[in-house]
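Working notes for the structure below.
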C-alpha cells in the first residue's frame, strides 16, 4: 500500500476513534463512512433502514437517548442529509461494486463503540496524539480499525481489475449482539457466494494473520425486570414484595447453573440494580445479563435454566417478572475451503510474519448470523483475524490498535478477494 | 383559626408541595420559609450554616448534584441573597421569638422531600388542583405540612401574649436521618426547656391527636461499595472478581440476620446496583441500606451482623469492601410530664375528635437526636402526632394530607406551648 | 412435704432421667408412671390410645424406630402388660381421682425427652451421682421433673380431703409439639373447669414461682422433602436436578422472610440434609424446620412465606417438593381469675421466696391446645412456672434441675388445687 | 474362553454383586478374591496392609462402622483367617505370577461398591435372577465385573506360556478416590514396566473396546465441618451462630465458582447436613463435596475458590470451619505406544465388534495415581474401556453389566499382555 493511502486511512481511523458511538447510535460513524463510499464511487449504496431488515432490531435506546447522540453527531460535523436517513437509530450501510461476471464476495465490518470511558493516561497513544474519544464512549475493541480497513479494501478493489460483485457491509450494534440479525435478514446476503468478516487483535500480535477463527460461543443477552411492592422498611416490612431479594436470589442461582458435560457454557449478570431509597422495601430491580454456550444447544440449555431461575426467584418473593431479549448470536464455523485460500495467500505475503490457519475465539460475535445466512444459501464464510499489538486487553480503557495492522488487513483481504474471484470456476 | 390565615397556610403548603427537595437540597424550601419568618418578624434568624453544627453532616450529595438543585431553586424564584447563604447544601433555619421572662420552648419541624415520583392520577388531589411536584422528588411524608404548621404556630405565638422564648427549628434531611445530628449539636438546643416535634398522619385520621409518640426505632444507614476485578465474561470469566456476586451474597444474608429475642430489628438493602456491561464480569457493586432496632443496642446488634456479612461476602469473592455511614438516629421516648399537658389540652379542644395519649411509631426519626439533647440537658421532650386522612400510605406516590389538619396542628401546638409557659413555676 | 416422700420423688425423677424418650417413644416413662398411679390408687386410668384422640398424631417415627425404643424399654425393665398397651407409639396416660361433688380440676405435665446427647462432664450432677441418660436422648428440659411433680400432686391430693374431680394428664411428645393436639381432642378435657400446666425453670431460680405464663409463640413445624434427579457430577452435571441447591436456596430465603411490623416472628431450618455421595448430583434433600409468631396470624404470615419459598426453590432447580406438617401449637393466654388464685397462694407460701404474677414465655408449647380447649368450653386455664436453678440453658447438654424445686412444685400446685376447689361457688 | 470358565466367572461376579462394600469395608470382597488367587495359585500374595503404603489412607470410616461391615462379612461367610488380616479396614490385595525373564506387566482392577440402594424392580436383572445386593450398598459402577475380569486374566495367564512377571492389583476405595494413592505408594509398582487399568461400560456398548481412555478430570474430595453455637430458636435466635446458614451460603456460592476459560471444571456439594432439632439454632453442619478440573491446575483453581468460599461462609455466620481432604486424584493420559498395541490386538479380535482407539472419560479415577507412578518410573500405562450394555447409567439404581463383556474383557487384556511381553526387546 502506498504511504499516502495509508496516511489517509490512519486519519480516517483516528477520526472514527474520536467519535465512538454505541449500538444504534452510530450517526457520526455511518455518515462519515458513507461520505468515504461516495468519494470512492460505488454502484449501490444502501444507508440506514435500507441496510437492515424491518422489525428485527433489539436493544434500541429510547428516543431521548437517540436524540442526544443524533444531536451530538450533528454538532461534530456529520452531514445533515445523511443524518436524516438514519433517524430512529437505523445506522449502518451496505456499499456495492459491480464489476461484471464473477462471484459475489462480501466483507463485513462492524462499526460500533463500547459504553465505557477511555483512559486519560499520557501513555495511551490516543491521548498523547490527540484522538482520544470525545463522546464518553470508547472504541475499545478496534471497530474503528475495522471500518477503516473496509474503506481501504473498497478503494483498492474499486481501482483493480476485480471481476464480480463486491459488497461491503458496515454492521452496527455488534457489541450488543444486536445488529447482526437485522443485517443478515436484510436480503443483501441472498446472492453472496463468499463472506469474509474481519477482527483485529484478539491477542494476536501485529504481523500475524489467522485465516479462520472458530468456536464462537452462541450468546443470548437478556433483560429481566422484577416488580414487587414497596413498603416502609421500618413500620411494616411485611407489606412489601422485595424485588431486590428476588434479584439477589436469581444472581446467586444464575451463576450456579450446572456446568454441561458436552462443552463450555457461560453466565453473567453483567448489570444489576434495584430499589429507590434506604427506608423503602425495594419495589423494582433488574438484571441485564447473558448466557453463552459452545454450541447453540449449550446456550439454549443455559438459557432455559436461567429463565427457570428468574421465574422462580420472582415468584418466591411475590414479584412479577418481565423478561426480554436484548440481543444474541448463534455459534458458527469458518469454512475450510475458504480458510485454505486465505491461509495460502497470507502464507506468501511479505507483511505477514506468522500465517496461522485456525484459532478459537472463545467469545461471541453476531457476524455468525451473517455467516450462517451465507452458509445456508450454499455459500462459504470465513472469519479472519488480523493481529495487532494492543497495550490493554479488549474492552479495557487502554486498548489501542497498532495502525500498521490496518495496511496488513487491507492487503490480506484484498488479495484474498482477488484470489477467490480468480479461482471461481 | 381565621379562614384567611388558614387559606394563606394552605397556599404556602401547596407552594412547598410543588417544590419538594431531598436532603441538603432544600434551597427553595429554606428560602421560602425564611421569607415567611421575615414577614412575621422574629428576633433572631439563623439560616443555613448558622443553624447547623460544623462537620457533622452525612449524606451530602456531590457538587454537581447540589448545583443542579441550587439552579432549579433559583429558576423557581428563590431569593438570590438567601440562596447565597445556603451554598454547599447548608439548608434549614432556626427562628427565635424572645418575649421576656419565661421558659424556652422549641418546636422542631422537618422540611425535606423524598427522591420519588409523585402520582399522575387525576384522583390525586395535587394533580387535580394543580400543585403536583415540579421537581421529580415528592413530599410523600407531609413535611410540607410540617413546615407550614411551624409557620402557623410562629405567627400565632408572635401575635399572642406568650411569655418566654420560642424557637422554631426547621430541620433539613430527616428522610436520610442526616439532618438531626447537626441540628442537635448546633447549640440552639442548649437552653431549651421543652421541645415539641410534630408529625402528621402516621395512620391516624383527621381529628385525632396523639400527645406522645414513642418507640422510635434506632437506625443506622450505610453505604457498602464492593470492588473486584473485571474480565471478559466469555473468554475468561475466571480472571474476574465478581462484585455483583459479592453483593447478592450479602443481600441474601443481610435479610437473614437472626431476629432478636429482646425486640424488633429491621434490615433493608434499599438501593443496590453493580456492573457495567453484559459481557464484562462486574467490577463494582454497591448496597445502600439500613439496620434498625427497638433500642440502640438492638440496632447495634444488627449492625454488627451486617458488617460481618458485608466483610465476608466481599472476601468470599475476592473483592474489597468500602463501608461508610450515611446517617442514623438513636431511639427515644416522649416525657410523661409533657405528654400529660398536651393530652389535657387536646382533650378539651373542639377540633380534636379523638385525643390519644400515647402510640408507638415503629419507624425511625432523627428528631430523637434533638429530643435526647434536650433530655440530657434536663429538659423535656414530646413528639406529637396530628392525624390526617391520607389516601396513600407514607412514602407512596398517592400520599397526601387533609389540609384541615394544618389548622388542627397549629391550634394544638399553640395551645400546648401557652399552657407549658403558664404552668412553669 | 415429708422428707421420705421427697426422697421417693427424687428417686422417681432420677429413674425417669436415666430413661429419656423422645416423642411417641415414651414406653419406659409411661409404664413407670402408670405403675406409680396404680400404687397410689386412682379411680380411672386411661393408658396409651385411651388417652389420645384417634388420627391426630403427627411426627410418629417409623415402625423400626418405634420397635427399637420399645425393645429398649422392655430391656430396661418396663412391665410387659403395660408396654403392650402402648404399641404403635401410643404413649401417655390420664389418671382420674373422683372425690364427690366439686369442680373438675386438671393438671397437665409433659413427659418426653429430647433427641440429644447429655453432657459427660463430672461437673454435671447426673454424671457425678450416676443418673445420666442411658438412652442417647436427654431430659434437657425438665420433663422428668414435670412427671414427678404430677405424681407428687396426685398422691397428695389422693390423701387429702379434696372435694371434686382431679385429672392428671401425662402428655407425650411436647418437644415435637405433636402430643398436645391429640390429648386436647381426646374428650378428657370436656368436663374440665380448671386446667393447670406446669414448667420448671425458664430462667427463674429455685424459690420463684410465676403464677401465669403468657406470650406463647404460635408454632408450625414442617418437613420439606426436595426430590430431583441424580447425575454423575463429573461427566454430566447438567443431567441432574440438584436437590441440595434447592434446599440451600430455600434456607437462605427462609431466614430472610420479612420481619413483621405487628410483632415477633421466627424461622428456623433446624435440621437439613441431602445427597448420597460426593460424585453424584444430589437427588434428595430435606429441611425440617419451624415458623413461629407472637399470634397465630403472625405465624400463618410466616408460614405462607415459607411455603412460597419452598415451592419456588424446588421448582427453580427442577425438583418436586413434598411438604408435610410435623406438629404445631397455637398461642394462648393464662386466665386472670386463675392466675390471681395461684399468685395469692404462692405469695403466702414459706418455700416460695419470690411470687411473680406474670411473665412471658417467648417460646412455644402445645399445652396451648389444652388451654384453648378448656377455655373454649368456658373453663379457665393457667400455665405455672416453678423456678429452678439450672446450670445449663434449656435444651443444652448441661441442663439440670434443682431437686428442691420438685417439692415447691408439688406444694404450689396442691395448695392451688385445694384453693380452687374451695372457692368454687 | 470356555463356557465352563465363563460360567465360573459369572458366578463369581454375581457373588461379589450380592456383597458390595464401600471404601475400606471390602472385607468380604477381598477375602473372596484372595480365595480365588489361592485356588489359581500365585507366587506372591500381598493382602490388606501388605498391599498398601502406610499412613496414606483417607476416608477411613470410624471403628464402629468398620466393625459392622467386618461382622457382616463374617456372617456372609468370609474366611476368618483372611478377615483377620484386613482389620482396621486394610482391604485390597496384590497377586504376583513370576514366569521367568520378561517385562513386568501389571493390571489394576478396583473392587469397591457405592453407598446407595439397588433397584427393587423386577426389570432389574439382579432382582429377577436373585443376586441383588444384600448389604444396602450397590455395585453400581461395575467393580464386581472388574474384580472378576482380574481373576479371569490371572487364571488365563497362569495357564499360559507368558514370560515375565504379572502383577494383579485389587485396589480398594476407588469411589472415594481414596485407595489409589496408598496403592501407588506401596512399592508394588516400582518395577512395573507396563500398567493396564480396565473399566467396563462408560456408555460404550457390549462389543466395543476403547484402547486408551484419556481426559481424566483431576479431582479433590473434601469435608467441611461448620461449627457454630446453638440457641433456642424461639426465645433468643440471636444467641446462636447458625451453622446451617453458613453451609447454605457456601453451597450457593460453591456452585457459582466462575467457569474457567481454559477448560472444564466441576463442583459438587454431594452430601450435606446440619442441625439437631427443629427448635434449636443449628450448631453443626457439614458439606462433603468435590471439585474437579480437566487438568490439575484447573482443579486447583476451583479448589482455591472453594476454600475461600467455605472460609468466608463460616466467618460470615460466626462459625469456625474445619476442612479436611477425603481423597483425590490427578489427571493422566494413556501412553500412545501402549494404546497402539491394545488397539491393534482388539482390531483383530472376533468378539470385538468395534475397536476404538481413544476416548475421553470426562470423570475422575484414582487409577491416575498408579498410571503416573509407573510413568514417572519410565514405564507405560493405558486405561482400557471394555464396553457393556448397561440399562441404567453409572451410579444409578438400575446399573448392571452385560456379562458377555466379562469374557471380552478377559480376552482383550490377556491377549494384550501376551503381545506386550512378546514385543519387549
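Quick reminder: no glycine exception, Cβ is built from N, Cα and C everywhere.
What TrEMBL says about a protein is an automatic prediction, not a curated fact.
Now, the feature entries from TrEMBL:
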type	residues	note
BINDING	C:141, C:143, C:175, C:199, C:395	Mn(2+) binding site
DOMAIN	C:222-314	domain 'Peptidase M20 dimerisation'
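Projection of TrEMBL feature records onto the structure.
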| residue | record | DSSP class |
| --- | --- | --- |
| C:141 | Mn(2+) binding site | coil |
| C:175 | Mn(2+) binding site | coil |
| C:199 | Mn(2+) binding site | strand |
| C:395 | Mn(2+) binding site | coil |
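In sequence order, C:109, C:110, C:111, C:112, C:113, C:174 are the residues near residue C:143 (Mn(2+) binding site), counting only same-chain partners six or more apart with C-beta under 8 A.
In this structure, the binding-site residues under consideration are C:141, C:395, and the one with the smallest number of other Cβ atoms within 10 Å of its Cβ is C:395. When the C-beta distance to chain D is held to under 8 angstroms, the binding-site residues C:141, C:143, C:199, C:395 reduce to C:395, listed in sequence order. Across the domain 'Peptidase M20 dimerisation' (C:222-314), DSSP assigns 34 helix, 30 strand, 29 coil. The C-beta environment of residue C:199 (Mn(2+) binding site), restricted to residues of the same chain at least 6 apart in sequence and closer than 8 Å, consists of C:142, C:146, C:213, C:365, C:383, C:384, C:385, C:386.
Excluding C:141, C:143, C:175, C:199, C:395 themselves, the residues of that chain whose CB lies within 8 A of the CB mean position for the Mn(2+) site are, in sequence, C:110, C:112, C:114, C:139, C:140, C:142, C:174, C:394.
Around the Cβ of residue C:175 (Mn(2+) binding site), the number of neighbouring Cβ atoms within 10 Å comes to 25.
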